[in-house]
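What Swiss-Prot records for this protein:
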| type | residues | note |
| --- | --- | --- |
| ACT_SITE | ASP238 | active site, proton acceptor |
| BINDING | LEU124, GLY125, LYS126, GLY127, SER128, TYR129, GLY130, ASN131, VAL132, LYS147 | ATP binding site |
| BINDING | ASP432, ASN434, ASP436, GLU443 | Ca(2+) 1 binding site |
| BINDING | ASP467, ASP469, ASN471, GLU478 | Ca(2+) 2 binding site |
| BINDING | ASP503, ASN505, ASP507, GLU514 | Ca(2+) 3 binding site |
| BINDING | ASP541, ASN543, ASP545, TYR547, GLU552 | Ca(2+) 4 binding site |
| DOMAIN | 118-372 | domain 'Protein kinase' |
| DOMAIN | 419-453 | domain 'EF-hand 1' |
| DOMAIN | 454-489 | domain 'EF-hand 2' |
| DOMAIN | 490-525 | domain 'EF-hand 3' |
| DOMAIN | 528-562 | domain 'EF-hand 4' |
| MOTIF | 394-402 | motif 'J domain autoinhibitory motif' |
| MOTIF | 403-412 | motif 'J domain EF-hand interaction motif' |
Amino acid sequence: MCEHKANNKNDGEFVNLKEKNENNHCGNTKSTIADCDDDYSIITLCTKCLSTKTEVNKNKIILDSKALKDSRTKRRSSVNINIDILNNNLNLSPYFDRSQIVQETILMNNDDLEKLYELDKYKLGKGSYGNVVKAINKKTGQAKAIKIIDKKRINNIERLKREILIMKQMDHPNIIKLYEVYEDNEKLYLVLELCTGGELFDKIVKHGSFSEYETYKIMKQIFSALAYCHSKNIIHRDLKPENILYVDSSDDSPIQIIDWGFASKCMNNHNLKSVVGTPYYIAPEILKGKYDKKCDIWSSGVIMYILLCGYPPFNGKNNDDILKKVKKGEFVFDSNYWSKISLDAKELICECLNYNYKERIDVHKIVNHKWFIKFKNYNHITINKHLSKELIEKFKKFHKLCKIKKLAITCIAYQLNKKKFGKMKKTFEAFDHNGDGVLTISEIFQCLKVGDNEIDRDLYYLLKQLDTDGNGLIDYTEFLAACLDHSILEQDAVCRNAFKIFDANGDGIITKDELLNVLSFSNDQMPFSKEIIENVIKEVDANNDGYIDYDEFYKMMSGRQS
């Protein structure tokens, strides 16, 4: 069954799986192999679209120093685009550049963050660059986690910039959300989704091992997140139980993959060379200096192995000992621990831990593995006629909204706590048949089971309208936005947060240039006609002054627009 040699007996107890050093909401541990620059092109933050470039501003990490103004707190200005030179003959539908939801702000004084958030003195985690603390937004009352990074301790600015860029691209139920980025003279602040349920590692220590069904529920979420990021040519490179958090302490709490500091772009047929990772979970090809996305599959296989038996497949007295065994890639299923584990589970582990990474199972094929299919049927959620009708009505309501309101609701859906979407999150996952973290129209059709051809055509058009970023798929936030309870739109703090995303320079109005800053044409970044942008503005601009002020914006959002 398993191609690996059976001559590497378990060394006994789980030795130093994690050296507890007060951490670890951010996932930095002493056993993590020292990082170095990738052979892939360095990615830094550009002013508008975060495109790739190589120049580094050593004074500021998220913003150019020229953005500093006399005001105490200043948002990044939108790109100055001359509307008049745009092609007036284009009649294109604008799409939403959703990376703009993550706001970047320069703080003029070191204490300005505490005017926005009430910071808890208790540390959620501690890493090599700084601490992670719980924080309460003083306007909305929402709880977040803030990763406070001491800029003096940063030894790889490009890695940090790449982490921010990659997190801005993520939109998956099991990947930690980045909400905001702040920077002052001394520190960088990453405002993140708060997870209060602890690490998967701690659950392993507490329970020792998990049943196959409990293991399936965890691995399903891990593989879904990997399928999502691999489809975007992103690899994590440091997947381990310490970097997997539970959202809350409930028995059915979802998990979140955190710490994308070692993540990198890896295009198809492209190999990386940098040696990064953690000894227990690192793939042997990384140690050899030539690897691709499937290094994450190896790490996942190690996690699955540990969940089922309570100890790692490659164990040792110290890191050198562990790495020697990883290089050999030999492991066994000790009958003392594995006799009651199914053959299908062992086969999947062997496919994940295939020493030849080119032959290792692809993440998109795992969902069709026998072991996965068996448990998927146990956990099948039926979309009944009542829910089907309810969803179609929500999609129709969303379709009728003006363009800016659709985009603003998308911003709100991204910012809200996951607990607000418990039912819809499960519905999204039920629709996601292939487990890749996004929905196709075909997947939604299959679940809604709409048989009437005329309704099918109408539904197809409605579903196309949900795709606000124009990537041809219904992403997690897009689905939640269409299902959002509109009563929340009457909350002033919620609307102000959404308004801020469009009002890039913070002057209280949304201009044509600022609207262009968050819009694009499909994935081609083509310009819009002057008429398209003006029409989007006119839908909300009650006094016809060419701008959208907050009063107009709030009336639109709350449904009080005349």
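Just so it is clear, glycine is given a Cβ too, placed from its N, Cα and C backbone atoms.
Predicted, not measured: the structure shown is a model, and the values here were computed from it.
Swiss-Prot feature annotations superimposed on the structure.
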residue	record	contacts (Cβ under 8 Å, 6+ apart)
ASN434	Ca(2+) 1 binding site	ALA227, HIS364, VAL367, GLU443
GLU478	Ca(2+) 2 binding site	THR410, LEU466, ASP467, THR468, ASP469
ASP507	Ca(2+) 3 binding site	none
ASP541	Ca(2+) 4 binding site	TYR547, ILE548, GLU552
ASP545	Ca(2+) 4 binding site	none
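Listed by sequence, the residues of this chain that lie at least six past the ends of the motif 'J domain EF-hand interaction motif' (403-412) yet keep a Cβ under 8 A from its Cβ atoms are 94, 96, 98, 101, 465, 468, 477-478, 481, 484, 488-489, 494-495, 497-499, 501-502, 515, 518, 536, 539-540, 548, 553, 556-557. The Cβ centroid of ASP541, ASN543, ASP545, TYR547, GLU552 marks the Ca(2+) 4 site; residues of that chain outside this set whose Cβ lies within 8 Å of it are ILE509, ILE537, VAL540, ALA542, ASN544, GLY546, ILE548, ASP549, given in sequence order. Neighbour count (other Cβ atoms within 10 Å of the Cβ, all protein chains): 24 for ASP432 (Ca(2+) 1 binding site).
Cα distances from VAL132 (ATP binding site) to the binding-site residues ASP503, GLU514, ASN543 are smallest for ASP503.
Cβ-based crowding with a 10 Å cutoff singles out GLU514 as the top-ranked of the binding-site residues ASN505, GLU514.
In the domain 'EF-hand 1' (419-453), the DSSP tally of helix, strand and coil residues is 22 helix, 1 strand, 12 coil. Cβ neighbour count for ASN471 (Ca(2+) 2 binding site) (all protein chains, 10 Å cutoff from its Cβ): 15.
For the recorded positions GLY130, ASP238, ASN471, ASP503, ASN505, a Cα to Cα distance of within 10 angstroms from ASP436 (Ca(2+) 1 binding site) holds for none. Take the CB of GLY130 (ATP binding site) and look out to 10 A: across all protein chains shown you find 23 other CB atoms.
In this structure, the binding-site residues under consideration are LEU124, VAL132, and the one with the smallest number of other Cβ atoms within 10 Å of its Cβ is LEU124. For the recorded positions ASP238, ASP436, GLU443, ASP469, GLU552, the largest tally of other C-beta atoms within 10 A is found at ASP238. For ASP432 (Ca(2+) 1 binding site), the nearest neighbour among the binding-site residues ASN471, ASN505, GLU514, judged by Cα separation, is ASN471. Local packing around the Cβ, expressed as the count of other Cβ atoms within 10 angstroms, is greatest for ASP503 among the binding-site residues ASP467, ASP503.
Of ASP238, ASP503, ASN505, GLU514, ASN543, all annotated as recorded positions, the residue with the shortest Cα distance to GLY130 (ATP binding site) is ASP238.
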